[in-house]
Amino acid sequence: MAWDCSAKVQLGAVFLALFGWVSSCVTTFVPLWKNLNLDLNELEIWTMGLWQVCIVQEEGAMECKAHDSFLALPLELRLSRVLMCLSNGLGLLGLLLATLGSDCWKTCRGKPDAKKQLLLAGGAALGTSGIATLAPVSWVAYTTVREFWDEAVPDIVPRWEFGEAMFLGWFAGFFLAAGGFLLICSSCLSGAGAPAVPPALRPRRPPTHGAAGVSPWSHHAHPKNTDLVI
């Protein structure tokens, strides 16, 4: 019963983390972190990502250009690149470890301690991946809000706003962290192995008999009094 429950939790956690990892990869590479609408030309929308800047026209055409230099980017975008790539790598590693350590996989079947260690390592990697996704997305969001309400910037200057990738990144980080947490809980719930049988329910071993068919535990007959006389 406990094994079935833990296996279902592990399977749900893996699928949850897989969805979060795919969403995190999409968030890393799409140029939709920020949007900019120009008042002078409302037919064009500027979008910015970690790797390039794009112009979307009303007809649906999109022209993109990569950032000129990594060092020329703002600090939050530079660190976001590093953290998002780290998150993708940790997420992939966590999924592999969690899959190998789950009860649905037949690896390390006779080694419950090894399966538990794989589950714990996979859950920790996925949880760290979720934090590594939430941190840069939240930092860029904070910087965008601060610059949007900066009173030192004239009102006629266009302001960057949130893009669709920001919300996708928040969901991705939450799913990764939730999947890692569920994996750690499932490993503690089941112990990644079959439940131990109580001693009272273990089958008793029948007594072994000697060569003459007499149980070694049977008492020998008392010697007669005549046998004791020398």
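Just so you know, glycine gets a Cβ as well, placed from its N, Cα and C.
Annotation source TrEMBL lists region 'Disordered' at 200-230.
Long-range neighbours of the transmembrane segment (12-33) within the same chain, counting only residues 6 or more positions beyond its ends whose Cβ lies under 8 Å from a Cβ of the stretch, are 47-54, 64, 84-85, 87-88, 91-92, 94-95, 98-99, 102, 123, 126, 129-130, 133, 137, 140, 163-166, 168-169, 171-180, 182-183, 186. Residues or ranges marked as transmembrane segment in TrEMBL: 12-33 (among others).
Within its own chain, the transmembrane segment (79-98) is flanked in space by residues 10, 13-14, 17-18, 20-21, 24-25, 27-28, 50-51, 70, 73, 118-119, 121-126, 128-130, 132-133, 135-137, 139-140, 173, 176, 179-180, 183, which lie at least six positions past its ends and keep a Cβ under 8 Å from the stretch. As annotated by TrEMBL, transmembrane segment applies to 79-98 (among others).
For the transmembrane segment (118-142), the residues of the chain that approach it from at least six positions outside its boundaries are 10, 13, 17, 20-21, 24, 27, 33-34, 76-77, 79-80, 83-84, 86-88, 90-91, 93-102, 108, 162, 166, 169-170, 172-184, 186-187, 192, judged by C-beta separation under 8 angstroms. Annotated transmembrane segment per TrEMBL: 118-142 (among others), in sequence order.
Within the same chain, residues 9-10, 12-14, 16-21, 23-24, 26-27, 30, 32-35, 47-49, 87, 91, 94, 98, 119-120, 122-134, 136-138, 140-141, 144 sit at least 6 positions outside the transmembrane segment (162-184) and bring their C-beta atoms closer than 8 Å to a C-beta of that stretch. If you look up TrEMBL, you'll see 162-184 (among others) marked as transmembrane segment.
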